[in-house]
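Per Swiss-Prot, domain '2Fe-2S ferredoxin-type' is recorded for 3-93. Per Swiss-Prot, [2Fe-2S] cluster binding site is recorded for CYS39, CYS44, CYS47, CYS77.
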Amino acid sequence: ATYKVKLVTPDGPVEFECPDDEYILDRAEEEGHDLPYSCRAGSCSSCAGKIAAGSVDQSDGNFLDDDQIADGFVLTCVAYPQSDVTIETHKEEELTA
């Protein structure tokens, strides 16, 4: 399946289609959007975002704890869309505050 991903960035929102077997960060870059990242392995908080709507599968990541995931945080480098999803990007400072 392919879903519509909307990223709400500091520069404004962007939208693109993302297959359910491709990481949101990877697809965003293919579409020409620059997003923050570091490890690309789900082991840090550089790419953190917050889900405003929809759902993702980020089971490949290991940095976020259950409470952070419950609060809506997402690591875009290991997140597969499970529905149409809206994610607020650039949330590392909020996550680590």
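Yeah, the Cβs are placed from backbone N, Cα and C, and that goes for glycine too.
Per-class residue totals from DSSP over the domain '2Fe-2S ferredoxin-type' (3-93), listed helix then strand then coil: 17 helix, 32 strand, 42 coil. Those residues of the chain, other than CYS39, CYS44, CYS47, CYS77, with a C-beta within 8 angstroms of the mean position of the [2Fe-2S] cluster site C-beta atoms are LEU25, TYR37, SER38, ARG40, ALA41, GLY42, SER43, SER45, SER46, PHE63, LEU75, VAL78. A count of other CB atoms within 10 A of each Cβ picks out CYS47 as the most crowded of the binding-site residues CYS39, CYS44, CYS47.
Confidence annotation: the domain '2Fe-2S ferredoxin-type' (3-93) carries a mean pLDDT of 98 in the model.
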